[in-house]
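**Student:** Here it is: the structure, laid out below.
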Amino acid sequence: MCGMVSATRWETAIEVTPWIAAIAEQVPLFGTDGIRGRVGEHLTAPLAQQVGFWTGQVLRQAGGDRGPVVVGQDSRNSSNMLAMALSSGLAAAGVEVLHLGLCPTPGVAYLTHHSEAIGGVMISASHNPPGDNGIKVFGADGSKLDRQLQAAIEAGLRGQQTSLPATTWGQHYYQPQLADHYQAAIAQSLGQRANLQGLKIVLDLAWGAAALLAPRLFRELGAEVIALHDLPDGNQINVNCGSTHLARLQAAVLEQGADMGFAFDGDADRVLAVDGRGRSVDGDHILFLWGRELEQQQQLPGQAIVTTVMANLGFERAWQAVGGEFVRTAVGDQYVQAEMQARGAMLGGEQSGHILCRHYALTGDGTLTAAHVAALVQASGVSLADLVDQSFRPYPQLLRNVRVEDRDRRCNWQNCAALTQAIAAAETDMGDRGRVLVRASGTEPLLRIMVEAEEAQQVEHWTTHLVQVAESHLL
């Protein structure tokens with residue numbers, strides 16, 4: 001029967017899991033990239049249903065109570081189950097659901113923005129292992145939902161929010177063909193450069209969301225494509241492949257004599273490249289090359305690039321040397337996006353491969369970025385390897401992860417005197433020729449320790465020492 005759905009009624013369907021305990025303790029569900037956790041332990045079908053219901057409620061209130069919600073998913077074995085559970089919650093909130101099936105995260109964002117939807121949801125845990133999954137929510141403009149609306153969803157889950165009456169139950173429509181519009185939009189964004197004939201490109205699809213779309217796009221653009229891990233496979237997504245494991249792509253580029261290669265993560269919102277010599281090309285180099293091209297085209301206001309605290313010092317100093325403005329934010333593409341919007345900047349991203357170009361999209365888009373890098377190389381008349389050599393020399397940098405299951409110790413690592421003293425000693429030793437960055441991951445139970453300096457020996461020494469201190473005092 002249609003009518004008011006009370007918070008009490010919906011709250012009783014939530015299983016008592018560590019994740020729900022976190023809600024009761026007022027800990028935010030939304031991390032740096034949506035809700036994420038271990039399926040069956042932290043992330044369950046009942047919870048996904050609740051998230052769907054309160055997402056529908058919040059988006060209805062924010063979007064004028066009109067329009068559908070676009071839902072997509074990656075290839076994980078749990079993604080369809082969670083998408084169905086979430087969609088049932090959306091429908092119970094009176095929201096129509098347009099289900100894309102397998103689709104990259106930026107495709108969901110694009111189609112949300114261009115289908116008069118009140119929002120979008122992606123079921124994915126990005127680069128995480130197959131047993132994890134997550135829920136990313138987008139506003140009507142295709143950008144990640146702001147913190148205020150995320151908090152409203154969390155309040156609903158705690159029974160602290162009043163629900164709107166549903167005048168009718170929402171309907172569910174399976175429309176995978178809508179992803180074709182996203183693919184066409186990427187090709188159109190290249191303009192007169194939408195011709196990659198003569199380029200041999202290796203793509204590592206990570207058994208994920210771009211497994212079908214990206215090879216089809218590059219072939220239609222005229223490139224010769226060698227595709228790796230190019231089937232949607234929920235058992236193997238991100239396993240020793242994709243943007244976090246470049247070795248197979250590097251070997252394939254060399255074996256095939258390819259001009260370049262691109263590696264995506266499971267939901268294809270990030271990408272890293274490999275040049276024709278088999279060297280990795282990270283987000284810093286991609287930003288430098290694309291930024292220089294946009295500046296030459298007078299499409300980079302203030303010559304500003306927005307990136308994060310993880311960006312290499314060599315990148316920063318090289319960009320400043322050519323007169324550019326270099327802006328750092330906290331780690332997380334939503335922080336980059338917010339700073340870009342505040343400054344009117346058009347290009348930003350992360351070393352990890354989340355690249356945002358607001359000329360074409362409001363979120364990181366691995367497939368679009370790869371297409372533009374390939375087109376940039378084609379137009380330059382020289383190889384990607386040569387372009388990288390002409391850009392900047394990165395400082396030696398090491399990033400090590402320490403697994404700290406205790407959330408309080410991980411998130412409050414600054415309270416560990418031994419670790420803060422070791423960091424201070426490293427900073428004193430390196431001076432302005434290096435830096436240390438320690439932070440708790442927003443997506444995994446990891447403490448990330450990064451050391452960067454002009455001298456590789458210093459980097460190795462201090463990284464090893466800091467990891468040892470962290471393991472001795474935080475585990």
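Each residue, glycine too, has its Cβ placed from N, Cα and C.
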**Student:** Which residue of S115, S126, S391, S441 does Swiss-Prot report at the same Mg(2+) site as D265, D267, D269?
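**Tutor:** When Swiss-Prot describes the Mg(2+) site, the candidate it includes is S126.
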**Student:** In the same chain, which residues outside the set S126, D265, D267, D269 have their CB within 8 A of the centroid of the CB atoms that define the Mg(2+) site?
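**Tutor:** Other same-chain residues near the Mg(2+) site: D74, P104, T105, S124, H127, G208, A209, F264, G266, A268, R270, G366.
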**Student:** Hey, does DSSP put D267 (Mg(2+) binding site) in a helix, a strand, or just coil?
**Tutor:** coil
**Student:** Do any residues at least six apart in sequence from D265 (Mg(2+) binding site), in the same chain, have a Cβ closer than 8 Å to its Cβ, and if so which, in order?
**Tutor:** S126, H127, A206, G208, N238, G242, S243, T244, V271, G353, G366
**Student:** Among the binding-site residues listed here, D267, D269, whose Cβ has the fewest other Cβ atoms inside 10 Å?
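**Tutor:** Result for the binding-site residues D267, D269: minimum number of other Cβ atoms within 10 Å at D269.
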